[in-house]
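K.L.:
Sharing the feature lines straight out of Swiss-Prot:
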| type | residues | note |
| --- | --- | --- |
| ACT_SITE | His17 | active site |
| ACT_SITE | His53 | active site, nucleophile |
| BINDING | Glu37, Asp39, Asp97 | Mg(2+) binding site |
| DISULFID | Cys57-Cys63 | disulfide bond |
| DISULFID | Cys59-Cys202 | disulfide bond |
| CARBOHYD | Asn262 | N-linked glycosylation site |
Amino acid sequence: DVEERADKRRPIWIMGHMVNAIAQIDEFVNLGANSIETDVSFDDNANPEYTYHGIPCDCGRSCLKWENFNDFLKGLRSATTPGNAKYQAKLILVVFDLKTGSLYDNQANEAGKKLAKNLLKHYWNNGNNGGRAYIVLSIPDLNHYPLIKGFKDQLTQDGHPELMDKVGHDFSGNDAIGDVGNAYKKAGISGHVWQSDGITNCLLRGLDRVKQAIANRDSANGFINKVYYWTVDKRATTRDALDAGVDGVMTNYPDVITDVLNESAYKNKFRVASYEDNPWETFKK
């Protein structure tokens with residue numbers, strides 16, 4: 001029957017790229033995004049400071065939109081709290097692109113702690129009916145794996161270890177898959193792993209490493225649960241990524257991805273993920 005067939009389709013996360021102003025949350029979700037990616041910059045003391053990308057950024061985008069990090073978290077909480085006037089039921093996942101390149105390696109743990117404190121207070125509302133979206137902490141440098149432990153330790157110290165159920169991980173530096181696996185071993189992490197691969201939309205990048213990540217995901221002993229590709233703005237690239245078997249597509253144009261998912265070749269194999277889809281679960285065909 002139809003419902004059973006629907007269940008066999010791969011759930012897809014359409015990830016709105018560089019959503020750094022509160023007003024852009026609605027803009028991207030209304031275009032079809034069920035998830036967003038937000039840049040987080042840090043000050044010299046490893047405090048998350050702004051949701052800001054800066055120059056250069058993707059072709060065709062303004063690089064300079066920003067909010068204070070905690071203000072953005074409050075706006076995000078409104079958008080992901082059922083019953084709130086600003087609630088967007090479709091928005092189920094947020095990737096924080098952590099710009100830790102400005103920090104010394106020995107500040108990574110501290111950055112994780114401060115990030116957790118901010119999220120706990122301003123997004124999770126101290127564990128009292130806060131935002132419901134799943135969160136992916138995306139780290140650009142494998143050496144900054146202690147950020148994960150700092151984040152986890154802080155939530156535990158503040159009495160909310162259960163919130164780690166809503167948190168996943170990504171290393172975004174396009175490193176060799178084996179090296180990424182080793183970083184997770186050092187961090188003591190198994191599960192809740194998203195693997196990104198990609199490059200700015202100004203440049204072309206093949207799917208070789210995406211396919212390696214997907215092979216790891218689909219192998220019996222792989223450490224990856226989900227694979228996403230960025231930044232995908234064209235229909236042809238979207239089709240190639242879906243054909244390869246990705247779980248997520250990061251884009252400046254969510255409506256383009258939505259259009260492709262509605263094409264006859266794709267609508268019986270893929271569907272837009274909903275809140276009921278566990279983003280930490282490897283999809284089995």
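Backbone N, Cα and C atoms are what each Cβ position is placed from, and that goes for glycine too.
Each of these features: where is it, how hidden is it, and who are its neighbours?
P.N.:
The Cβ of His17 (active site) has Glu37, Asp58, Arg61, Trp230, Thr231, Met250, Thr251, Asn252 as same-chain neighbours under 8 Å, each 6 or more residues away in sequence.
In this structure, His53 (active site, nucleophile) belongs to neither helix nor strand by DSSP; it is coil.
The Cβ of Cys57 (disulfide bond) has Met18, Cys63, Thr200 as same-chain neighbours under 8 Å, each 6 or more residues away in sequence.
In the structure as shown, the Cβ atom of Cys202 (disulfide bond) sits within 10 Å of 11 other Cβ atoms.
Asn262 (N-linked glycosylation site) carries neither a helix nor a strand DSSP state and counts as coil. When Cβ atoms from all protein chains are considered, those within 10 Å of Asn262 (N-linked glycosylation site) total 11, not counting its own.
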K.L.:
Considering Cα atoms only, can you say which of His53, Cys59, Cys202, Asn262 is the nearest neighbour of Asp97 (Mg(2+) binding site) among these recorded positions?
P.N.:
His53
K.L.:
What is the interatomic distance between the Cα atoms of Asp39 (Mg(2+) binding site) and His53 (active site, nucleophile), given in whole Å?
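P.N.:
Per the Cα atoms, Asp39 (Mg(2+) binding site) and His53 (active site, nucleophile) stand 6 Å apart.
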